[in-house]
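Feature annotations, courtesy of TrEMBL:
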- B:1-54: region 'Disordered' (REGION)
- B:13-33: compositional bias 'Polar residues' (COMPBIAS)
- B:40-54: compositional bias 'Polar residues' (COMPBIAS)
- B:73-94: transmembrane segment (TRANSMEM)
- B:122-144: transmembrane segment (TRANSMEM)
- B:151-173: transmembrane segment (TRANSMEM)
- B:185-203: transmembrane segment (TRANSMEM)
- B:215-231: transmembrane segment (TRANSMEM)
- B:237-260: transmembrane segment (TRANSMEM)
- B:294-336: region 'Disordered' (REGION)
- B:299-308: compositional bias 'Acidic residues' (COMPBIAS)
- B:372-393: transmembrane segment (TRANSMEM)
- B:400-419: transmembrane segment (TRANSMEM)
Amino acid sequence: MDLSKAQPKEQAKIAKKYFIAGCFCMPLMWLVGVLWFIKPALITKDPSPDPMLKRWLFACGIGLVASSIVFVCWNIIFQSLRESFGVTGESLTAVFPRGRF
Amino acid sequence: MAESSPHDPMQETPDTCDTDNITPTGQDDNTPLLSVADRTPSSGSSSPEKNFQPTFDHPYQALRFGAEMGLKLILPVSICMLLVTTAVLSVTSFTDNSNNEYFFYTPFHEKVSNPGIRFGEALANALILVAVVLVMTILLVLLYKFRCYKILYGWMLLATFVILFFISFFYLLDLFKMYDVPIDIFTLFFMLWNFGCTGIAAIHWKAPLKLQQAYLILSSALVSLIFIKYLPPWTAWVILIAISIYDLVAVLCPIGPLRILVNIARERDEQLFPALIYSSTMIWMIGMADRGHTVSDSEPSDSEDDMGTVDIATNGQNRNADGKQTGPAETQENPSLGVFETRGPQLGLGDFIFYSILLGKAAHDSSGDFNTILACYLAICVGLCATLLFLVIVQRALPALPISITFGVVFFFGARFVISPFLNVLGQNQVFI
């Protein structure tokens, strides 16, 4: 859909729904929300913007940054210390690298 | 919020003729998605009939417009084919069916060595599959005819759900296994959950157009990979031909189910299943769906999209002209009436799927021979352009499969058995032509 054709109130509503969706362990929705709402919220000069739009945009942004940090840290920890975890490491691994034959 | 409830297709302004006809989704029952786009300026509405022919001052503009339209479709089709081909060539488990798992409606598994019997089995499989597709299409038409929008929408949702979650799970796992990436369970399910949910939101709800297009391409690629993996080798080729014949008949024949679907959609002035077609552009318009306030002829520039399409639908709608002409006050009054304005060509997902199957099989069966892949790719593109050309001439719903698939199949066999060995021999003997 084209956001620029929607009313600012509807834009804010959609932004809010994206934020709520992202709260269910879905930072990808936050990412999409941020990328999509940056333009209508910050760049285009709306004659009557909805104040909530910017708020939801920043909420999505903060959520995105926070969850990315968590995700990256967890992966770094797991990848580097996987062997040293022993049994826990094995039970957490979904794919065991077989190496080349 | 002018949200369109899934079972209540948006009313379009009378000027648009959109109705993209989409046949049953190929996503759940492996029925092909035949995209048929019907676009006729006469939607039978009470609005004044507009002549939606694009007006060009210079023939160069017409050429450029046609080329842009073609590119808008060739690009996504190419991306889908690229995805499938690279997947088939790089990850061997995508084509490795040594567990002999097949669809239950391809009961003949081609384990015989006699080529005649093998071909006969392939033909039998193909006929069974076409019959299944036909039954599914008829079911879809019936559901649509009796306005069981809820069931239809639920079906679409289930199909995309299965594809985006289960199928992509298996392929993701295969991908990681191929590249020896040790992934932990949390990350895997987290990624899958994100990917799937965003996909469902993108396809069935509101999302940026590019994201929706990307997800449609991805789901087409996934379905193609499923077909490539689980169909017996010769069956796949015969199925391609059989389905393109079916497409031709179903769309052009008066009793063809797809044609009936198009007509019903046209009568009701509705858009068909936005989740099953790929639209190159889509504009959400909040405006009056009241037919009395249709746009006048004052904005010819907006009517450029009235080109017929095959699975390509260009709904020329006079955009904001509707809303603007009736005045902003009226637009505010009915905020719940949204109109989908679609511009630019649309192609059904089934076409994406079958083109990708063709190219994926070409890549796999020729063991990655680039000549063959390139020949098939060019054949498909040429076929698509030819179909677009027919579309402009005929201005009706047309099947997108037959021409491209025919060219593709001819060029595959030609390239594999004639052109490639020829070029190899030339290369060996250092003869340059």
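Cβ atoms here come from the backbone N, Cα and C positions, even for glycine.
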Looking only at residues six or more beyond either end of the transmembrane segment (B:215-231), which have a C-beta under 8 A from one in the stretch? 26-27, 30, 76, 79-80, 83-84, 87-88, 94-97, 101-103, 106, 125, 160, 163-164, 167-168, 171, 198-199, 202-203, 239, 278, 349, 352-354, 356-357, 360-361, 364
Any chance the transmembrane segment (B:122-144) and the transmembrane segment (B:185-203) are in contact, meaning at least three CB pairs closer than 8 A with a sequence separation of 6+? no
Residues of the parent chain within Cβ reach of the transmembrane segment (B:73-94), under 8 Å, 6 or more residues beyond its termini: 171, 174-175, 177-178, 213, 217-218, 220-221, 224-225, 228-229, 278, 280, 312, 345, 347, 351-352, 355-357, 359-360, 363-364, 368, 373, 377, 380-381, 384-385, 388
